[in-house]
Every structure is written in C-alpha cells, then in structure tokens.
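S.K.: Sharing a structure here in structure tokens format.
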Amino acid sequence: MCLAVYTTFGYVPWNYHEPQPGVYNFNGSRDLLAFLNEAAIANLLVILRPGPYICAEWEMGGLPSWLLRKPKIHLRTSDPDFLAAVDSWFNVLLPKIYPFLYHNGGNIISIQVENEYGSYKACDFNYMRHLAGLFRALLGDEILLFTTDGPEGLKCGSLPGLYTTVDFGPADNMTKIFSLLRKYEPRGPLVNSEYYTGWLDYWGHNHSTRSIPAVTKGLENMLKLGASVNMYMFHGGTNFGYWNGADEKGRFLPITTSYDYDAPISEAGDPMPKLFALRNVISKFQEIPLGPLPPPSPKMALGPLTLHLDGDLLTFLDALCPQGPIHSVLPMTFEAVKQDRGFVLYRTYLSYTVFEPTPFWVPNNGVHDRAYVMVDGVFQGILERNMKHKLFLMGKIGTQLDILLENMGRLSFGSNHSDFKGLLEPPVLGQTVLTQWMMFPLKIDNLIKWWFPLQRQKREQPTAPSGPTFYSTTFPILGQAGDTFLYLPGWIKGQVWINGFNLGRYWTKRGPQQTLYVPRPLLFPKGAINKITLLELENVPSQPRIQFLDKPILNSTLHRAYTYFLSDNAHSAYEPMMLSGH
C-alpha cells in the first residue's frame, strides 16, 4: 500500500510569476523556492503541479491573460504562439526546481504534466507530447511525471509514458472509476490524486459542504483497496485580490473570495472536526504522528467601525489613470488595453438628445462581466453577463456616459475558451451604436497604497452618492492582534483593502460568503494605526459600518444575506456535487 500522508502538493500559477511577458516575480508570496524549503523543514515530500494550466479555481486557470493580446491564440493546444510562450516560461521555471528533485537530494517526488486536460475541448495529443518532451529535456528521465483527470477525461488527458491518475469525490463510484483507470494504467498503484473533502463556492449559490461520514467512508474504502490518496483540499485557502477564477455551467459563475472549501483545515488554518475524523481513519492503516495538533490561531473581534466617505470613483479618475485614456472608435477589451484584472472605465458622450427612457444594451451578451452605468456622474444601474442585459437611459446631447467594467475572474475550468473581458461589443442606445470611446485602465491598488495615505481626511458630503464610491476609516488595535473576519452588513458589492493589501471581493447581497478572512500579519499591532478602504460599487447602507468578527460567516445567500449576524450556524444543507476542475 502507498499512502500519501506526508506529502504536500503545490500549484505554480504561471500568471502569478510572469505578470508581463518576460517579467518574472519569485519574491515574497511568490517565492516558490522558499515554499519548497519550508516543506523540507517540515519533512514533507512535494508533488508539484506546474501546469502550464492548473485550474485551481484560479484566474484563467493560471494562464496569463496577456496571452489573449493575440486574440486568435488557441490556448492549451499546439498553436505555435501558445507553445512559444509555454517554452519560454518553462525554460525559466523548470531549471529553478531541478535541484529540488528527489533524485537530486530534494523533496519533489513527482510532477504533474498539465491538469485535467481530458476535460478540455481540444484533445491535442501533439500538445501533450510537446509538454512531456519539454519536461524530460529540462528535468531528465528520473523524475516521475504524471497526469490527472476525472474519469470522463482519461481518454484525452492521459499519454503513454506519463503515469495516469484519476480524481473523484466521496459520492462517486470508486470501483467503477478505478476499473476504468486500470485500462489506462494497468500496473502500479491506483491513485486518486484529488479526493474531494469539500467543494468550492459560487456567488449566489449555497455554501458547499461535504459530510464527515461520506468523506471518511470514501477514504477508508480506498485505503482498504490499497490505493494512494491525495486529499483536495486538505487546507482551505483564500482568493485574495482579483485572483478568483470562474466556471461556465449554463451561465457565468464567478468563484467566491473564500476558498475555505469545507476542508479538514480551515481557511484560517484551524483544525476542523473533519480533520480528526480523517486521522482516525488513517490510524487504522498506519501510525500517525504522536502529540497534540497545533491549536486554532487566536481570533480577534473589533468594532463596529463607521466608515467615512472619500468620494466617488470618478472624482479620482486622474489619479486612477495618470497616463490618460486610450481613444478608439469602438470599445476595446481589457486585453487590448493591457489591463489584466480589476476595472476599466469606458466613456463616451451622447451625440444626440434622448428625450425619453430608451433601451441601452450590449449585443451578444457582450458585457464581461459586470457593468456599472453612470450618466453625467449619476448611477443608473447594472448590466451583468448572462443575468441583466438592459437598462433605460435618457440624456441631452453631450451628456457624459460612463461604464465601469469589472472583471469578475476569467474562466478556469473545462472549455476554458479565451475569456476576454470588458465591452466585447459596442453598446447600443435605442437603435444607435455608440462610438468614440475613451478607455481608462484603472490602477486602483496603486491609488489605495500610495496616494490615499497622503490625503487629509475628506470632508463629509451631505448625502452619500450611489454607484462606485470609496469609503475608509482608520483604527488601532488596543489588545492582542489576531486573525479576524471582516463583516460588511448592508453593503452590496465591492472590493476591500487593509493597509494597502487587496483583501478581495465582497458581495454581501448575493452571498453566500458574508465575511472576508483577515490574516493577522496584515494588521499593524498595538500602538499603530490600521486603515481599511472599501470601493462600494452599488449602494452604501444608511449606516456605513463594518465589524471584525472572531468567526467566519460563509453560508448566507441572497435574501438571507443579513440574517446570520454572529450566528453559530456553520453549514447549509447538503447539495449534490457538480463536477468542476482543480
């Protein structure tokens, strides 16, 4: 029996390390070699998954969005443009990890080639063979290379010469799936390389949970069979900033900021009841380490705090886009203006007077992903991909029309077609196609980090504006700092920064996630002043307050959005698992 108890696996997101073509970043949170060294100190072996595509519910599945600056590129195929970019990236990455291979005295015992490729439409074996040859050329023949696919993807995802593994969860038919795996990998251990301990969350859906009995029973059955098991996820995580991905299942489904996943170890690193149950199962098959587990980290509650109005987004346009706008007859995508994530403001002026409320829409579902529409600075409403396609506008000739476009995360699984962002078609007002656009790629993170701290306290305005608006406040921590969870009751949707760090998206109204995880290192300790900034995109509550809680709220959706304040309820009802990718 081969049981993967003392291993960890790590994804390497290409777009996290090569933010622009030929520009590489392996510093700070991107320090891959430090991660490998920490794993070695903890006596952990490493299964590395460098892609180039990783899924992981991560923005564009880890592929850099700058690939889409060539609009006709075919991702994850033997398209020469794609292969050239992959070759360039791996010629930087793979030599870095070469000294860490197990046969070189390191702790990397195996490396995955691509990820769940059989779930992709292309089924391009020349592409997979190219990747396998590239890995061998740069890493040698001794390292074990493997593939991972769901059972339906084994046909197109496996390749002779690469060890074939499968992934599935506790609700799936283990006997049937392992029998199918044997057709592709007749010898060696059966490997479930992603045994799903929980599941991901989409905005507007219920919080996903997987019952402890189902997860432990599935694990025990696999271990009785002598299979090797890697649990996904074992430790929950967070999609900070703009790094969440999205799925497309009949409509566009962006993934929440929290990636807690109902995992055995929570988003905040705390052992959960599921962890102890899994340890009990494993103890039936081999010894487990003696001694107590580390306790949960100290948690902190603080507030409520009242936020103060800084001003609407349009007020800060010069600071948000200091280089000025890009002009074009027709609107350009995020990719065309080299804005990878976040927001772009589109602006034009009405060339004629619209006397009555007139339909305003973007053809062919061309809003990717969410548009906040303003006329002469007054918020009019929202257009949303697959969800809301039309508004009614009116205005005089020369009226300024602003559309703030939000990228909610590029598709990260399955079809993974080129998911361009922004206005993909020119908007239409009545029967008139609107032209002569200015595009402002917004550097909001730079504004928050470098410019806002220099500003004096803003004067309060008599009425809070609607539409995209900045709010902020400062606060000290009087006692012992700890991990905490930011709760935003009554706020609708937006983005949060703490001490200049982009904490992620909130969508209180839609749910299910109601709190954002705030790790203690983001907070300045006793005696220092912390600053929190919100970009609220729709409407501010009558009392613009926030609160830091000592427990998360991940399970409230839509009309139930405000009913779980300080609730102990941790789980929603079970819902059937829908296949995605990891």
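The first residue you see is number 1, and the count goes up from there.
The backbone N, Cα and C atoms fix where each Cβ goes, glycine too.
Quick paste from TrEMBL:
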{"type": "DOMAIN", "residues": "11-284", "note": "domain 'Glycoside hydrolase 35 catalytic'"}
{"type": "ACT_SITE", "residues": "Glu116", "note": "active site, proton donor"}
{"type": "ACT_SITE", "residues": "Glu194", "note": "active site, nucleophile"}
{"type": "DOMAIN", "residues": "331-443", "note": "domain 'Beta-galactosidase 1-like first all-beta'"}
{"type": "DOMAIN", "residues": "468-525", "note": "domain 'Beta-galactosidase galactose-binding'"}
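Are these features on the surface or tucked inside, and what are their neighbours?
M.R.: Every protein chain considered, the tally of other Cβ atoms within 10 Å of the Cβ of Glu194 (active site, nucleophile) stands at 24.
Model confidence over the domain 'Beta-galactosidase 1-like first all-beta' (331-443) is summarised by a mean pLDDT of 96.
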S.K.: Within 10 Å of the Cβ of Glu116 (active site, proton donor), how many other Cβ atoms are there?
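M.R.: Taking all protein chains shown, Glu116 (active site, proton donor) has 24 Cβ neighbours within 10 Å.
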